[in-house]
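Q: Here you go, one structure.
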Amino acid sequence: MLLQSLFAWALAIGPCIAQNSTNSTWPIHNNGLTTQVEWDHYSLMVDGQRFFLWSGEFHYWRIPVPELWVDVLQKVKAAGFNTFAIYTHWYFHNPNPNTLDFENAAHNFTKIFDLAKELGMFVVFRPGPYVNAESNAGAFPLWLTTGAYGALRNNDERYTEAWTPFWEKVASIVAPYQFTNGGNVLTYQIENELGSQWRGTPSNKVPNLSSVEYMEALEASARAHGITIPFQANDPNLNSDSWSKDFYDGYGSVDIYGMDSYPACWTCNLTECDSTNGAYKAFNVIDYYDHFEAISPTQPSFLPEFQGGSFNPWGGPEGGCPENSPADFANLFYRNNVGQRVTAMSLYMIYGGTNWGWLAAPVVATSYDYSSPISENRMINDKYAETKLFGHFLRVAKDLTKTDRIGTGKTASTNPNVVYSEIRNPDTNAAFYVTIHKESTVGTREEFYINANTSKGAFKIPQKAASIVLNGFQSKIIVTDFNFGSHSLLYSTAEVLSHSIVDDQDILALWMPTGEAGEFVVTGAKSGSVSSCGGCSSVGFYPQGDDLLVTISQSKGISVLTFDDGLRVLVMDRSFAYEFWVPVLTADPFSPANETVFVQGPSLVRSAAYSSDGSTLDLTGDNNGTSTQIQVFPPKSVSKVTWNGQVITTEKTDYDSLIGSLTGPALDSLTLPTISGWKANDSLPERLPTYDDSWWVAADHMNTSNPTKPETLPVLYIDDYGYHVGNHLWRGRFEGSASGVYLSVTGGRAFGYSAWLNGEFIGSYLGAAYPDTGKLTLSFSNVTVNSNSTNILLVLQDNSGHDETSEALNPRGINNATLISSSTKNFTSWKVTGTAGKPDTAIDPVRGILSEGGLYAERLGWHLPDFDDSEWSSASPSNVSSSAGVTFYRTTVSLAIPTGLDVAISFTLKASPSNAALRVLLFVNGYQYGRFSPWIGNQVEFPVPPGILNYDGDNVIGLSVWRQEEGDESMGVNVGWKVTEAFASSFEPIFDAAYLQPGWTDERLQYA
């Protein structure tokens, strides 16, 4: 559509935007390649069926065990999501310009598409090539960060040549799994938060051709390699107005526009978000409605990334900041988005995972828990449960997919402190009143009524029950003319949870906060009764013409109401709703109500299926505690229920449910063996002048492509020499005397470095949470300087990763190395080493290029299974050497977790003293799964999943301890582990993970 005609059309219909719209008002779009996925002002449409895209993000490369992906995705599905989103990771798959790896272990992500099909979920595929994601250089391959490929994320031919092989291969891999080819991949994102379509003010529409041509090239390449599904984009904020065809049809604009938002800040350091969100106020909602109406009025309002939590930066609070986006955040903000007509939303993150190895950007440490609904250890939490209530509602609220906003900011009757937005389906007249505090940052208890318009007139509701309550940072969606199956609610002040059809009869589930009252009207019902009162009170049935008004108060428990036409209504409080599940019996992402079953009680229900004769309901899932009641609502033909393959004893109730009990493990019954039997060896022989570095790379470049030039020569930027991650070692030589050295070293936030002259320690930069450069003048006064021969300076530096976005080219290495001397300021030569393998190759293709750094222990494979440490001495990391240096500790511990249990295990690292100047790396069966810097803080627990840990077998545990200070003060690290959660589960965490844990080979010896 031409820009001029679009805006003329928009102006013509402008007054309709906040009013009911007829079916013909808004055009239906597709991309011209398929009509299977279409969209309009209201929602996406899949094969003609309107669809609320409810998604959560997870990153397969942050949980590098393919056997665990099904566990995570089953939990996503169980929470009511119909979609999940994934990023790829360019560097993970493209370790050097000549290698693409989509085959080894977790590098092969096609299993995820098979799981999506099996579970009945759509996929939003986000291949980058740049993804940000708090990943090292935003997932750029680090060989790209030298400056030789230009400024990146533009139309530079050098950059284009770099991304083309990866981009083409990804498209060809994904193409067979598209919805248009019988798969479940629904949309394909181009780039990520590239808000640079325009030069200057977006309203002037002056194209930024560098970005425009880049986007156009990415789009054309994806199409040429088989991608036919719609393209989407995610604008980074409310200000850049980039890539919407409604705003401008051309200049690289994509099919479906989206905009990302993190109203409670994407990091625990809240001040970082001030420039985007303004000064932080807890629970301060943001208006998106006007933005989408202006920028993408003929498209669904889409939030490709909406806040699911926050990452924890170096030095952040121990355990992250879940209090910034708790369960109440999910309740309030997700409902408020519905009130703004959002019909496509993906939570970032639904499961965060771990920055194992050197995946992380400098802004974040090892944990990428993100305070997500599914925790880093794969266990679900209260935010998950609250999110599930919302997800189950979305699944059955079909009329939400087409609504107009009738009004917003309306004051509730009798209480000016409560306001609501009214959205209404123009076809069915179903309405949704989304209520919040007038000041969303205020969590006071407020009682109120609303004036609701229904198909049978206007009512001040509730009519008979106690008033509606907002208690705390909460929102409620009050429905009117809510259709489910063959029934309808004229209204309900209790929130709708779910709907199922069993034996051709409707079952409706409602919920309310514990102790509150609700009122609903069942149209066409004549009478009702209480079949089971589990915490109910003040139940009343009041005929109103052809309808029946019902009042009920609900304490902890679940109550069952039965009506004259066979309708059953379950009413439960929040605590019982948290343990209420609606497994789907089909792989249809639309989850039809007649293909679901209600289950209440277990910690998790993963799947449900009926036997071929319909007499048995087979359930799988998780449960804990010594005894858990389970209640199911299956067809009358079901007389037997199995749980994880075992028949459970049940009793049939008068209202046709089956009740039984489950048994599970007591957490205190699981004990882990003590981690002991440590052996140790020196991991820094490079400090010694006798060390042979003849095989190291000569650091002799006198120029660099990097736009940031060094202060001294030669160039000592690590990426220029083919090393990129972890610890790097520089050896500089000089002749004659000097009294000291000035060093300026850059390694990213929280990095550090230490230096030795001729084998003697001269000092360290200990690092801090935010500075990325450390400048020191180190004296040689206490060490021996060879005035008549060669002196060797060793600099061991940490590299916490490359910066993101436009700062990915920021160099890592030594910016300035100047001798303090009357005769010479310069070193005669430099050499460097890092990760084992030739520069820009991966010696360990299974674990991948980001797995390990350049410490002596890593290069020689001391962290790997099968390494022979028989000649090492016994020593404990709890008391490290008094000398500054690096010591590697290693032990083997066997686990024997009982089968039938899913167990979360975390390592605990405790420094002595608590702020010891130590840099510690934790290795488990060859994987680096913890970076512990007690001087900076604050992560002390490190979850390690099965597949990395062998739950039934031996585990090689390694610990690299870099002491940055010398002296008599005792320093050490106490290493422990613990079971944090345990469930009886259908998911089996014991499997053969040998292919994920390749062992030591003598190839490593050449890197000594």
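Count begins at 1; order follows the chain as displayed.
Keep in mind that glycine also has a Cβ here, set from the backbone N, Cα and C atoms.
For reference, Swiss-Prot lists these features for the protein:
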- 1-18: signal peptide (SIGNAL)
- N23: N-linked glycosylation site (CARBOHYD)
- N108: N-linked glycosylation site (CARBOHYD)
- E193: active site, proton donor (ACT_SITE)
- C268-C321: disulfide bond (DISULFID)
- N269: N-linked glycosylation site (CARBOHYD)
- N594: N-linked glycosylation site (CARBOHYD)
- N624: N-linked glycosylation site (CARBOHYD)
- N681: N-linked glycosylation site (CARBOHYD)
- N703: N-linked glycosylation site (CARBOHYD)
- N782: N-linked glycosylation site (CARBOHYD)
- N788: N-linked glycosylation site (CARBOHYD)
- N816: N-linked glycosylation site (CARBOHYD)
- N826: N-linked glycosylation site (CARBOHYD)
- N879: N-linked glycosylation site (CARBOHYD)
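Walk me through the surroundings of each of these features.
A: Applying an 8 A CB threshold to same-chain residues 6+ apart, the list for N108 (N-linked glycosylation site) reads P66, F102.
Taking Cβ-Cβ distances under 8 Å and a sequence gap of 6 or more within the same chain, the neighbours of E193 (active site, proton donor) are N132, N234, D235, P236, D260.
Reduced to three states, the DSSP call for C268 (disulfide bond) is coil.
Counting every protein chain shown, 20 other Cβ atoms lie within 10 Å of the Cβ of N269 (N-linked glycosylation site).
In sequence order, S500, I501, V502 make up the list of same-chain residues 6 or more apart from N594 (N-linked glycosylation site) whose Cβ falls under 8 Å from its Cβ.
Secondary structure at N624 (N-linked glycosylation site), as computed by DSSP, is coil. For N624 (N-linked glycosylation site), the same-chain residues lying six or more positions away in sequence with a CB closer than 8 A to its CB are S603, G664, P665, L667, E981, A982, F983, A984.
A simple way to gauge crowding: the CB of N681 (N-linked glycosylation site) has 18 other CB atoms within 10 angstroms, across all the protein chains here.
For N703 (N-linked glycosylation site), other Cβ atoms within 10 Å of its Cβ number 11.
Cβ neighbour count for N782 (N-linked glycosylation site) (all protein chains, 10 Å cutoff from its Cβ): 10. DSSP assigns N782 (N-linked glycosylation site) to coil in the three-state reduction, placing it in neither a helix nor a strand.
When Cβ atoms from all protein chains are considered, those within 10 Å of N788 (N-linked glycosylation site) total 7, not counting its own.
In sequence order, P710, E711, T712, Y742, L743, S744, K775 are the residues near N816 (N-linked glycosylation site), counting only same-chain partners six or more apart with C-beta under 8 A.
Cβ neighbours within 10 Å of N826 (N-linked glycosylation site), excluding its own Cβ and spanning all shown chains: 14.
Classification of N879 (N-linked glycosylation site) by DSSP places it in coil, neither helical nor stranded.
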Q: Given the glycosylation sites N269, N782, N826, N879, find the one whose Cα is closest in space to the Cα of N681 (N-linked glycosylation site).
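A: For N681 (N-linked glycosylation site), the closest Cα among N269, N782, N826, N879 is found at N879.
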Q: Compared by Cα position, which of the recorded positions C268, N269, C321, N788 is the closest one to N826 (N-linked glycosylation site)?
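A: For N826 (N-linked glycosylation site), the closest Cα among C268, N269, C321, N788 is found at N788.
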Q: Can you check what DSSP calls N816 (N-linked glycosylation site), collapsed to helix, strand or coil?
A: strand
Q: What does the structure give for the C-alpha distance between N703 (N-linked glycosylation site) and N269 (N-linked glycosylation site)? Integer Å is fine.
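A: Here the two Cα atoms lie 38 Å apart.
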Q: Rounded to an integer, what is the Cα-Cα distance in Å between C268 (disulfide bond) and N879 (N-linked glycosylation site)?
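A: Per the Cα atoms, C268 (disulfide bond) and N879 (N-linked glycosylation site) stand 33 Å apart.
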Q: Per DSSP, to which secondary structure element type does N594 (N-linked glycosylation site) belong, with helix, strand and coil as the options?
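A: Note: N594 (N-linked glycosylation site) is helical by DSSP.
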Q: How would DSSP class N681 (N-linked glycosylation site) in three states?
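A: N681 (N-linked glycosylation site) sits in a strand per DSSP.
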Q: Would you count the other CB atoms within 10 A of the CB of N879 (N-linked glycosylation site), including those on all shown protein chains?
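A: Its Cβ shell of radius 10 Å holds 13 other Cβ atoms.
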Q: Where does N788 (N-linked glycosylation site) sit in DSSP terms: helix, strand, or coil?
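A: Its secondary structure by DSSP: coil.
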Q: Measuring CB to CB from C321 (disulfide bond), give everything in the same chain under 8 Å that is also at least six residues away in sequence.
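A: C321 (disulfide bond) has long-range Cβ partners C268, S310, N312, S371.
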Q: Measuring Cα to Cα, how far is N782 (N-linked glycosylation site) from N879 (N-linked glycosylation site) in Å?
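A: The separation of the Cα atoms works out to 25 Å.
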